[in-house]
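K.L.:
Submitted below is the structure of interest, expressed as structure tokens.
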Amino acid sequence: MNMQNPSDATLKPVASLIKARLEAAFSPKKLIIEDDSNKHAGHAGHQHRSESHFTVTVVAQAFENESRISRERMVHKALGDLLPDRIHALRLKLSPPA
Amino acid sequence: MADTINDRIKEILEKSPVVLFMKGTPLFPQCGFSNQVVAILNNIGIEYDSVDVLQDPEIRQGIKVYSDWPTFPQLYIKGELVGGCDIITEMFENGELAELAQKENIARK
């Protein structure tokens, strides 16, 4: 498993929840979680929380032969109550292994 | 109660071939992702209806269940969910969105 995040210890709580749920659901070949929250500080969705906006890249076998809509639905399901309670905005880059 | 929300959603989707459920309005989007999809629709120049989910909590909740999609914006063409911001952006960049609009005979502005 190729983890692109510098170190798990640097992941903040919401990001580590995302990571744990996606790993459990997809055993991804590649998983990158970027916290974009600081770009959105001060706007209505930010809600004074440090973590709210994420870009998540997942490369997993499970996405093979699935439409884009269906790939995103699979991720939404895996994230469960994190979305939209803990995650205000999520940018997803989902693909099967090349 | 649930039926009336679903009926309202169906009515909205039947009224116009292209419907964008978004935060804010096309002139005053309240979210960067909604703003981006508005810009794309304006760029390809098709006619669409928009629904401001911030003004309508019932629709905001109802459409999430209806479409099994938890976030906004949501773009519908001929009653089918095409995608949120990521998918629409990708389909715009690779030309698929314009192709789909043409295939479905969507009116141009």
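Each residue, glycine too, has its Cβ placed from N, Cα and C.
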K.L.:
Select one of B:Lys23, B:Lys103, B:Lys109: the residue that TrEMBL places in the glutathione site alongside B:Arg60, B:Phe72, B:Cys85, B:Asp86.
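P.N.:
Looking through B:Lys23, B:Lys103, B:Lys109, the residue TrEMBL assigns to the glutathione site is B:Lys23.
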K.L.:
Could you state the CA-to-CA distance between B:Arg60 (glutathione binding site) and B:Cys31 ([2Fe-2S] cluster binding site) to the nearest Å?
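P.N.:
With distance taken Cα to Cα, B:Cys31 ([2Fe-2S] cluster binding site) is 15 Å from B:Arg60 (glutathione binding site).
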K.L.:
Highest Cβ count within 10 Å among the binding-site residues B:Lys23, B:Arg60: which residue is it?
P.N.:
B:Lys23
K.L.:
Run through the domain 'Glutaredoxin' (B:18-82) and tell me, per DSSP, how many residues are helix, strand and coil.
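P.N.:
When I sort the residues of the domain 'Glutaredoxin' (B:18-82) into the three classes, I find 27 helix, 19 strand, 19 coil.
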K.L.:
Binding-site residues B:Phe72, B:Cys85, B:Asp86: which have a Cα within 10 Å of B:Cys31 ([2Fe-2S] cluster binding site)?
P.N.:
B:Phe72
K.L.:
For chain A, give the subset of the binding-site residues B:Cys31, B:Arg60, B:Phe72, B:Asp86 whose C-beta is less than 8 angstroms from one of that chain's C-beta atoms, in sequence order, otherwise 'none'.
P.N.:
B:Cys31, B:Asp86
K.L.:
Along the domain 'Glutaredoxin' (B:18-82), what average pLDDT does this model show?
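P.N.:
The average pLDDT of the model in the domain 'Glutaredoxin' (B:18-82) works out to 96.
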